[in-house]
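Trainee: The active site annotation in Swiss-Prot covers HIS50 and is backed by sequence analysis. If you look up Swiss-Prot, you'll see HIS96 marked as active site, proton acceptor. Summarising the annotation, Swiss-Prot assigns ATP binding site to TYR53, LYS92, ASP494, GLY531 and lists sequence analysis as the type of evidence. If you look up Swiss-Prot, you'll see GLU94, ASN532 marked as Mg(2+) 1 binding site. Among the features that Swiss-Prot reports, substrate binding site is placed at SER95, HIS96, ASN97, HIS98, ARG117, GLN241, GLU313, SER314, GLN315, SER534. Residues annotated as Mg(2+) 2 binding site in Swiss-Prot: ASP118, ASP269.
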Amino acid sequence: MTISNTRPITPELIASHGLKPDEYERILSLIRREPTFTELGIFSAMWNEHCSYKSSKKWLRTLPTKGPRVIQGPGENAGVVDIDDGDCVVFKMESHNHPSYIEPYQGAATGVGGILRDVFTMGARPIAAMNALRFGAPDHPKTRHLVSGVVAGVGGYGNSFGVPTVGGEVEFDARYNGNILVNAFAAGLARSDAIFYSKAEGVGLPVVYLGAKTGRDGVGGATMASAEFDESIEEKRPTVQVGDPFTEKCLLEACLELMQTGAVIAIQDMGAAGLTCSAVEMGAKGDLGIELDLDKVPVREERMTAYEMMLSESQERMLMVLRPEKEEEAKAIFVKWGLDFAIVGKTTDDLRFRILHQGEEVANLPIKELGDEAPEYDRPWTPAKSPSPLATNDIPRADVAEALLKLVGSANNSSRRWVYEQYDTLIQGNSLQLPGGDAGVVRVEGHATKALAFSSDVTPRYVEADPFEGGKQAVAECWRNLTATGALPLAATDNLNFGNPERPEIMSQFVHAIKGIGEACRALDFPIVSGNVSLYNETNGQGILPTPTIGGVGLISDWARMARIRFAAADEAILLAGAPEGWGTHIAQSVYMRDVHGRTDGPAPHVDLAHERKVGDFVRGLIADGLVTAVHDCSSGGLALAVAEMAMASGIGATIEAPAGHDPIAAFYGEDQGRYVVTVTAEKLEAIASRARDAGLSLPVIGTTGGSAVKLGDAKAVSVEELRSTHEAWFPTYMGGDLAPDN
C-alpha cells in the first residue's frame, strides 16, 4: 500500500513517530507551516535518540577524545588512530539491539554489515571483528532461539564477507530477557594520508547513490531503535533490515578502488534512517544544502513512496559527493562490480534539504536544524548511591574446589567455543590470537613485526551496583586485556547500552558511568575515538543491566614477543602482579557470590587507576623484554578462575599456595582490580623480583606450574581434564536443548 504525502498530521501520527508534543511545536516554529508526511518522517528519523543523541550529547562531550595518535575522533563514521609507518587503524563499535531481538538472524547480520561499512567508508580494509552479546536467562523460553539466531547471523555475514572474528563476549542475565544486546565492533587498516570523510564540499556537485537497490526493509528502523518495547513487538518485524554480505563485499572492493582515483569528495554509508541521515549529515557538516530527486533512486520494489525511500534502511548502500569530471570512470567501476551507480541529486548553497518525487517537492527543510542543531536535552538524574560493604561474617562459605568446578561450568563462565567455532577466525591469514584469550591479535599485513590487539569489556553487575566504578572498571579491564598480550593500548570505542533516559534513576546510571569512563580514559591515556549510544533498552518498563561496553585497540611492536594465557611449561613460578595483601579481598559483586550463592549485593570493586597504570606498564615491560612465559589478567572469578583458564588452555596443572592468615575465599575468588597472573622460568625469577622491588610493586610468588591438576591451597586438587570437560560442556548441552542443572 502506498502512503500519500498529504496524509493528515494528527497527534496520534506524531506520537507514532516518536516525537513529543514540544518537539512537534519546535518543528512548526522552524518551518512555519505543517510538515508534509514525508517531512514528519524525516524529522522523526533525525531527531530520535539513535541519530541525534539528544539525551546523551551533553555528557559525551565530557569524554577525552584527543591524543598524540588520534587522527579522527568522534563525529565521523569511525575513529582513526596512527599506528606508525604511515599506517592507521580505523575502528568503531555499534549496537543492533532492537532489530536482533525482533529478528535475530537478520538483526545481527546487518549489525555486522553496518559496522563494516562504517570502517571501509573511511577508506580502510576491514581486518578484524568482535561482538559483545547479552542474552536473557538461559531458562527463559526465547533465549535459546535468540542465541542460535544471533550467532548464526554474526557468522553468516562476517564469514561470507571475509573478515575474521577475533574476540567478544557472551553473557546471560534475566535483565536481558526482553531486550538482548548485540554490539558489533570492526577495525580496518588504511594509510594515514588516505582517509575519507563525510563532510560535503563544493556547490553544484553531483550526489551519487552507490550499491544495492532500495526496498521497503528497515523503514522506521532508527525510530524503533529509539523506543522501548511493549506487547506490539512482533508488529515491528518489517522494520528489520535484510543483509547480503556478498553485495557488501563487492561494495567494499568498488569503494576502495574508486577511492584510489581521486573521484571522492565526501562519502557516507546509509545506515540508520538511510538516505535521509546520510544526505543530511554530509550537507550539514559541510554547511551545504542537498537536493535529491527520488525518481533517480534505484529501487527494487514498485510504487515506493517518498516517505519509504527516504526512511528505508536497505543495506549495502552508500552516498557520495563526486568530482564531476570523474563520473564516467566512477560509474565504470561500480558497473564492473555489479552495483548500482546513480546521480540522485546535487549540493546547493542554500542550507535546505529539498526532496523531489514525481515532479513534486515533497520536502523542503532547514538542513542544519535536522543535523547538528537537532534538539538536545539535559535530563534530570539522581545522585549516586553506593551499596554498603559486605560484613566479614556475611560472606558465605563454600568448598574452594567445588566452587571452582561450578564456576568453570556455569552459564557465564563456561567456554564460548560453541559460539566462536561458528565464526571464521582465520580468514585473511593474519590472526595470531583467537577468541578464548585476553584479546584477539591480528598481524599488520606488509609489516614484519607489527600487530594489533583487540578487546571488548564491561561488567554490567558492577555498573548496576556503582555506575562510576563500573564505568572505570570497563575501561580498565579493556586496557588490562590489551596489556596482557604485550600491546600498548592506543584508543577505545564505546557502546553505551542503557534503559529509558526519561527515568532519572536510569539517567543517573548513564551520567555516572560516563564520568567513570572519562576518568579512566584520562588516567590511562586511552581516548574514546568513536562510539554509539543505545537507550530505551527496556521492555514493559523493565530495563536492562546498564552495559557501557568498551572496545579497545592496542599496538604490538613485535608480535614474536606477544604473551598468551596458556602455561608454557611445568616447573615455572606463578606470580601475581599488583596483588593486595592476601592476594584478593573484594568478594562483593563477584561471580563467586552470584553463581555459587545467588547473591548480587554489595559494592563494586574500587578501581585505583594509578595502580592500574603502574602495574600494567610494569607487566608490559616484562613481556617486551621476554621475561615472562604466560600472562592473564584477573577479572571475573578472581585468581582461581584465571589460573584455571591458564591450565585449561595449556593442559598443564598448577599448585597455588594459600596466603597465610587470610581468607581463602577472598584470596581465590575476590575480584580486586589491577592484577595479572604471570609465569616465569626459575632463572629469570630474581631479575623480575628485583624489577618489582625497584618499581615498588607487589609481585608475590603464589605457586608453581606442573602436574595434571589445579590445586588451590588446602582444597582438593581438580584435574585439568575435569576442568576442561566441565568448562566445555555447558554451551553445547544448553544449545542441544538440555538446560544444564543449577545454571
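Here, residue 1 is simply the first one shown, and the rest follow in order.
A Cβ is built for glycine as well, from the same backbone N, Cα and C atoms used for every other residue.
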Trainee: Taking GLU94, ASP118, ASP269, GLU313, ASP494 as the binding-site residues to compare, which has the smallest set of other Cβ atoms within 10 Å?
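Mentor: With the binding-site residues GLU94, ASP118, ASP269, GLU313, ASP494, fewest surrounding Cβ atoms within 10 Å: GLU94.
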Trainee: Provide the three-state secondary structure of GLU313 (substrate binding site) computed with DSSP.
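Mentor: Its secondary structure by DSSP: coil.
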Trainee: Which of the three DSSP states, helix, strand or coil, fits SER95 (substrate binding site)?
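Mentor: Note: SER95 (substrate binding site) is in a strand by DSSP.
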Trainee: What does DSSP call ARG117 (substrate binding site) in the simple three-state scheme?
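Mentor: Going by the DSSP assignment, ARG117 (substrate binding site) falls within a helical segment, counted as helix.
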Trainee: Near TYR53 (ATP binding site), which residues of its chain come within a Cβ-Cβ distance under 8 Å, counting only those 6 or more away in sequence?
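Mentor: In sequence order, the residues whose Cβ lies under 8 Å from that of TYR53 (ATP binding site) (at least 6 apart) are LEU60, VAL533.
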Trainee: For substrate, with binders SER95, HIS96, ASN97, HIS98, ARG117, GLN241, GLU313, SER314, GLN315, SER534, what's the maximum Cα separation in whole Å?
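Mentor: In whole numbers, the farthest two Cα atoms are 20 Å apart.
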Trainee: Between ASP269 (Mg(2+) 2 binding site) and ARG117 (substrate binding site), what C-alpha distance do you get in Å?
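Mentor: ASP269 (Mg(2+) 2 binding site) to ARG117 (substrate binding site), Cα-Cα distance: 6 Å.
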Trainee: Please report how many Å separate the Cα atom of HIS50 (active site) from that of LYS92 (ATP binding site), as a whole number.
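Mentor: About 16 Å separates the two Cα atoms.
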Trainee: Of all the recorded positions given, namely LYS92, HIS96, ASP494, ASN532, which is spatially nearest to GLU313 (substrate binding site) at the Cα level?
Mentor: HIS96
Trainee: Ten-angstrom check, please: count other Cβ atoms within 10 Å of the Cβ of GLY531 (ATP binding site), all chains counted.
Mentor: 28
Trainee: May I ask for the distance between GLU94 (Mg(2+) 1 binding site) and ASP118 (Mg(2+) 2 binding site), taken between their Cα atoms and rounded to an integer number of Å?
Mentor: 10
Trainee: If you skip the near sequence neighbours and keep only those at least six away, which residues in the chain come within under 8 angstroms of HIS96 (active site, proton acceptor), Cβ to Cβ?
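Mentor: Non-local contacts for HIS96 (active site, proton acceptor): GLY107, ALA108, THR110, GLY111, GLY114, VAL182, ASN183, ALA184.
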Trainee: Considering only the binding-site residues LYS92, SER95, ASN97, ARG117, GLN315, ASP494, which fall within 10 Å of ASN532 (Mg(2+) 1 binding site) when distances are taken between Cα atoms?
Mentor: LYS92, SER95, ASP494
Trainee: For LYS92 (ATP binding site) and ASP118 (Mg(2+) 2 binding site), what Cα-Cα distance in Å is obtained after rounding to a whole number?
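Mentor: Rounded to the nearest whole number, the Cα-Cα distance is 8 Å.
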Trainee: Write down the Cα-Cα distance for SER95 (substrate binding site) and ASP494 (ATP binding site), rounded and given in Å.
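Mentor: Their Cα atoms are separated by 10 Å.
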Trainee: Could you state the whole-number distance in Å separating the C-alpha atoms of SER95 (substrate binding site) and ASP118 (Mg(2+) 2 binding site)?
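Mentor: If we compare the Cα positions of SER95 (substrate binding site) and ASP118 (Mg(2+) 2 binding site), the gap is 13 Å.
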Trainee: What's the longest C-alpha separation between any two of TYR53, LYS92, ASP494, GLY531, the listed ATP-binding residues, in angstrom?
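Mentor: Across TYR53, LYS92, ASP494, GLY531, the two farthest Cα atoms sit 16 Å apart.
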